[in-house]
């Protein structure tokens, strides 16, 4: 039915403004004087008499703050001193004058209600009272003439636009090929259409008011808050949109006073290794004003304020605890949220916008947080907006105003006390016990709202209808009139701007420009950030130490590799290699800074928005803090590599060497920092860094000499800072030195009749000048050394300047609207055209519809509000009863035992819905994990039975577990995820057709038809929070759990309506025979009544109550009231009532020990009796039915082959639908191979040309590290899903998981090998090679890339994350390429390292490729490579060299008949050249076989490491196994080294002892 335009209901008053006006004037005279913020406060005598803008406050001054008490921190002397100074204000000259009314001090004491020396002013004392402290602080500031900014905000015609449509299509590997057939998308049209996020908003918020922002997820709440603060970042306001702060335009306000309006994002971003105290003291120091009360120092002032905020938000006990994050252990999630809150409070901003800041807090903590905000508004005059999804009535009543959003449209703005009446007068029904906030949000949900009788066809239905109704209402007219008065009171850009400037200027430090939004000067910012940088380093000192140790170890390895290099011409190549290594390792050690800068970018952006500091101040501080550390590391690193690597031991040359290497470190650090600052994402930065490193390495001058560079790429040499450093170091090393000729030609010549076969040699001289050698070989000159230093310093200054500039300019990231992603050709009809959302929801609900109202008894039907409008009768009824008795869970933390669960008993019957609740830290999730058999550590005792029998291996497969984290594979669709679960978790006896039909039933049950073909995606680009939660539930239902369904916080992060939908759906499942046990977070009263039974836990995992809830919670409430609790009010939420009486919240306490009461109660004894009865009844049934038909229940539902097929198909699918990964892989191989190929394009047959050809092969292997870094994150994504959800559910085996990931990588690696082969070898070697040799090269290329993938999986298999594995893989790769025989010939390796050349897999890859490419290639020496000399008088060149030729010399004489200027080339074929590196054509197939042996080893090692480290981790034996393996491998290594090197050393272990090793290993495995 078509929607009718809404009309105001005739005959009914819309507002109560007449009586409201009389209330507000009385109320404002009694309200506490507002001030600027919670710690620096200026009073005002203004009386706000606007009848619309101020509602009556039901709280007496200070009465509502009784619960805002704090946890006492340990006293610190300086804080005690500050508190004592504050308590002795009478000694301060500015506050001691005596007046007729008793003096200012007496006024302050009377107003604050404290006496001198009162401990309520000391945040280190338990008696500290924040409200009294704030009142005292206000008047001290007034007495000293300290002003603080305060302002309201008005917005008119606010319209915000974003890019993106409601629907996007999923890209696949072939999408780029199909793009030409979609020219509209190719040109960008239709790809990112403009979307209106906020439509024409109007409103005004006076200073000191609290605004509640209500709306369902996706309605625009976050965008609205960002718009108020001016932090749209990629979104756009329409030109007509007006936002001003008491007359100051948003543009001017954000430019000059940015930190005065701040936005608190829903996510927390902090430096994880800083402590809570360091984090908050930094925030306080960054906003410390220049003029401070009582003249205290900056440090004392900021420390005191940080302590105050920690005390207010219950963080005092965490002062020395790291903040932490998902990977670093620190404070809890709730405490981290409070750190974010305290940080904003310390910013002192007069306008604060909080985006769902109560998420993750229990109801008691959320209420205390809201009351603290009220203190800031009433006492400090702070204007605050809070978006909240689940708000209790107590929280709602604290707010002054509320705005309701519906699909980006404003449908109400006004005082909180009239909002409910407005919608009721519109025609909507509010059920009893539903909170006002829930009611206001519910009217925006077609499936939840209820129309009053007689108004079904008169109420608005769509968002546009609601907006139209609002704009026609009297409330909106009064709002617009009030906005006109607001604008008249604060004319644009007039007096208020000047006041703000004056107040801001008073707070600014010296040397800060008047229009700067910052309070402290740039030098102060840099100093503050530098101190913080060192605090971060100290907090993460283990990582810093590990990094430095790895660098030092690399220096030791490289130095020892070139140890004892001969000081002859044979050492020229080694000197070039060691200097190349030194400059390269010094220069590239800073590449890890890219990840570090991206990790801190969200924090820097946040702090810049808070006006803590300039982004370039943090960047400059990072540089300053790094220089001493880099200096020390460079000093140790270069001392080792210089003296161990055989370089000249001259003080002057060493210090020049160190100078250039250190400047190179700084220059490359500046380049990598600039790269990170100039890009938007880590993949962008790393991709550019990879290409840049390849270019820097090739065009350093070592791998490819300048004279052999082609013009199309030679320009890279001139912009390569490493090239200038390499030239300087090489000429510095050889300058002024002469090197004995190692290979004179002929060796028996005398006088002028011989020459050294080295570039730069002079005929007849037995030594070669180092200067002549570098000039002839590289065209280098010692005269360039200081020129190069100047060029390096120029690079350094340039990139530092660019880095600081882009750091300041490139902070924001583009924002776009949320959208669903579908596969092409699978767009639902509902998205192909418009639809009536009300009709889609089943029409308008009626208040007396029994399907809509909450059930009136525990067995009543919960109907249409559940996600599914269809029946759930397809759920098979269950008969099994799950019981647990005296369950105890103990773990050991830091050597101390700790009990998490303490003798908990209970049961879950089929057809019942049981709630698991408790205070924060009570162990709700821990109990759920223990019952579901998902714990991996500790000791669990007690009885857990199904029908009186112990749990078998199939228990986890037969239960469903809906985890709190909605973890899904982002590339799969909803239907595919459900089918995957059904395929693997339903028994093999069920046909695939039946499984898929059941999946369709699940989709209908959960009302997922509209997005069943949608791709899961990532937040913002895929399913929203509610849809993800439904999918999580659907995945478990698709498995058809035969026993029961566990759910952990299924409503977490959802709005109240979505929570209601989820719980009522669970109600329907229970009514149809499903057994359900669910933890629930902060349920509303009507939601709580959906449950049949409650298990309530106190801290320490102790039981407070287990039993029936009863109708209207009577059974539950009677228990608490009969045992001494205060009666529950008729309108009070029973769930919140329970939390309050047991002392939940940071400051909550209870006089009654409820776990002890429960233990001694009759109800507890009844539970034990009931458990006995259940066990007795089920035992009799078991005896009557005999043994179970399933004698040996299997761990998995499907056989191994079926598992492997399903999982491999899904992994293939994931790869195919991740084109960025596949194309990134292919483009890396293609671009790198083409770049290398055309850099070494068609090298000639000179000795240098052969060396360059060998280096081209070597350079191909260097992309190994980038390939490995690409593969590992993809593996981790699959592994996280498997280990967190699918392995505990026994969906498939860990062996299947590993094999599927190995198998899927291989085809892509084969294709990548073909691409690299064609792109590299044809440009480098041409097409003249035989087809056989081209085929061998192709086989080696394919093998190399398959080896890379299996190596990556071997490394990541047992390690926790890709970052850790990446570091290890890079180190191992460095060793492999170092010892492959290219950079140091095998015969020149020290004996200790020769075995490394043999065990390096790259040795055999390079050997096979080089032998195949250069076999039988004729050598034609370049002019500077020839040994040119005159033969004795009367002899020809052939006659003179006949003796040398007869001795089997490998060279070739070019002019045998000449009698002068004999030209002798030391080599005649490529095989001779390769022989020096022990590379032989005859070994090509042996090397190929060894390569496959390494691949097989990688696969077996992958399986073994994963099993030992991750599968058996719960047994506690992996560490013992690894220890045994490592110990005996070291012994075996000694034996193998002795065998390979041919030395007569024996393995220290006898053969019998090695046999014993295998026995020990087998015992551990068994």
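Positions of Cβ are set from backbone N, Cα and C atoms, glycine also.
These figures come from a predicted structure and were not determined experimentally.
The 10 Å shell around the Cβ of residue 922 (ATP binding site) contains 25 further Cβ atoms across the protein chains shown. Summarising the annotation, Swiss-Prot assigns ATP binding site to 918, 919, 920, 921, 922, 923, 924, 925.
Summarising the annotation, Swiss-Prot assigns compositional bias 'Basic and acidic residues' to 1178-1193.
Annotation comment: Swiss-Prot describes 167-432 as domain 'ABC transporter 1'.
The domain 'ABC transporter 2' annotation in Swiss-Prot covers 882-1125.
Counted within 10 Å of its Cβ, the other Cβ atoms near residue 149 (N-linked glycosylation site) come to 28, all protein chains included. The DSSP secondary structure for residue 149 (N-linked glycosylation site) is coil. For 149 (among others), the entry in Swiss-Prot reads N-linked glycosylation site, with the evidence type sequence analysis.
In the three-state DSSP reading, residue 157 (N-linked glycosylation site) counts as strand. Just so you know, the Cβ of residue 157 (N-linked glycosylation site) picks up 15 other Cβ atoms within 10 Å once every protein chain is counted. The feature N-linked glycosylation site is assigned by Swiss-Prot to 157 (among others).
In the three-state DSSP classification, residue 356 (N-linked glycosylation site) falls within coil. Sequence annotations record features per position, and here Swiss-Prot assigns N-linked glycosylation site to 356 (among others) based on sequence analysis.
The N-linked glycosylation site annotation in Swiss-Prot covers 810 (among others) and is backed by sequence analysis. In the three-state DSSP scheme, residue 810 (N-linked glycosylation site) falls into the coil class.
Positions annotated as N-linked glycosylation site by Swiss-Prot: 886 (among others). Within 10 Å of the C-beta of residue 886 (N-linked glycosylation site) we count 14 further C-beta atoms, all protein chains included.
DSSP assigns residue 903 (N-linked glycosylation site) to a strand. Taken from Swiss-Prot, the feature N-linked glycosylation site covers 903 (among others).
When Cβ atoms from all protein chains are considered, those within 10 Å of residue 1244 (N-linked glycosylation site) total 14, not counting its own. Swiss-Prot lists 1244 (among others) with the feature N-linked glycosylation site.
For 1168-1193, the entry in Swiss-Prot reads region 'Disordered'.
The list of residues near the transmembrane segment (543-563) in space but at least 6 beyond its ends in sequence, with Cβ under 8 angstroms from a Cβ of it, reads 537, 574, 577-578, 581-582, 585, 589, 592, 629, 633, 636-638, 640-646, 1367, 1371, 1374-1375, 1378-1379, 1384, 1389-1390, 1392-1393. Taken from Swiss-Prot, the feature transmembrane segment applies to 543-563 (among others), supported by sequence analysis.
Proximity of distant same-chain residues to the transmembrane segment (571-591), defined by a Cβ-Cβ separation under 8 Å and at least 6 residues beyond the stretch ends, is recorded for 551, 554-555, 558-559, 561-562, 565, 633-634, 637-638, 641-642, 645-647, 657, 660-662, 664-665, 667-669, 672-673, 689, 693, 696-697, 700, 702-703, 721-722, 725-726, 729-730, 733-734, 739, 758, 773, 777, 1378, 1383-1385, 1388. Residues or ranges marked as transmembrane segment by Swiss-Prot: 571-591 (among others).
Annotation comment: Swiss-Prot describes 603-623 (among others) as transmembrane segment. Within the same chain, residues 229, 231, 258-260, 262-263, 265, 269-271, 282-283, 286-287, 343-344, 347, 349, 517-520, 522, 525-530, 532-533, 597, 669-670, 673, 677, 800, 803-805, 807-808, 811-812 sit at least 6 positions outside the transmembrane segment (603-623) and bring their C-beta atoms closer than 8 Å to a C-beta of that stretch.
What Swiss-Prot records for 627-647 (among others) is transmembrane segment, and it gives sequence analysis as the kind of evidence.
The stretches the transmembrane segment (1336-1356) and the transmembrane segment (1489-1509) meet in space: the count of Cβ pairs below 8 angstroms, excluding pairs fewer than 6 apart in sequence, reaches at least three.
Rounded to a whole number, the C-alpha distance linking residue 886 (N-linked glycosylation site) with residue 157 (N-linked glycosylation site) is 62 angstrom. Checked against residue 149 (N-linked glycosylation site), the binding-site residues 918, 921, 922, 924, 925 differ in C-alpha distance, with 921 being the nearest. Taking the Cβ of residue 903 (N-linked glycosylation site) as reference, residues of its chain lying under 8 Å away and at least six apart in sequence are, in sequence order, 886, 887, 888, 942, 1102, 1103.
Long-range Cβ contacts of residue 918 (ATP binding site) within its own chain (separation 6+, distance under 8 Å): 924, 1096, 1097, 1098, 1104. Beyond the transmembrane segment (789-809), the same-chain residues lying 6 or more positions past its ends with a Cβ under 8 Å from any Cβ of the stretch are 614-616, 618-620, 623, 659-660, 663-664, 666-667, 670-671, 673-674, 677-678, 721, 724-725, 728. Comparing C-alpha positions, residue 922 (ATP binding site) sits nearest to 810 among the glycosylation sites 157, 810, 1244. Here the candidates are the recorded positions 356, 810, 920. The one whose C-alpha lies nearest to that of residue 1244 (N-linked glycosylation site) is 810.
In this structure, the CA atom of residue 810 (N-linked glycosylation site) is 40 Å away from the CA atom of residue 920 (ATP binding site). Sequence-distant contacts of the transmembrane segment (1363-1383) (same chain, six or more residues past either end, CB-CB distance under 8 Å): 550, 554, 557-558, 561, 577, 580-581, 595, 1254-1255, 1258, 1261-1262, 1264-1265, 1268-1269, 1272, 1351-1352, 1355-1356, 1389, 1393, 1396-1397, 1400-1403, 1405-1407, 1477-1479. The Cβ of residue 921 (ATP binding site) lies under 8 Å from the Cβ of 332, 1099, each of which sits 6+ residues away along the same chain. Across the fold, the C-alpha of residue 157 (N-linked glycosylation site) and the C-alpha of residue 356 (N-linked glycosylation site) stand 25 Å from each other. Taking Cβ pairs closer than 8 Å, the transmembrane segment (652-672) reaches residues 582-583, 586-591, 593-594, 623, 626-627, 630-631, 634-635, 638, 642, 689, 692, 721-722, 725, 728-729, 732-733, 785, 788-789, 792-793, 795-796, 799-800, 803 in its own chain, all 6 or more past its ends.
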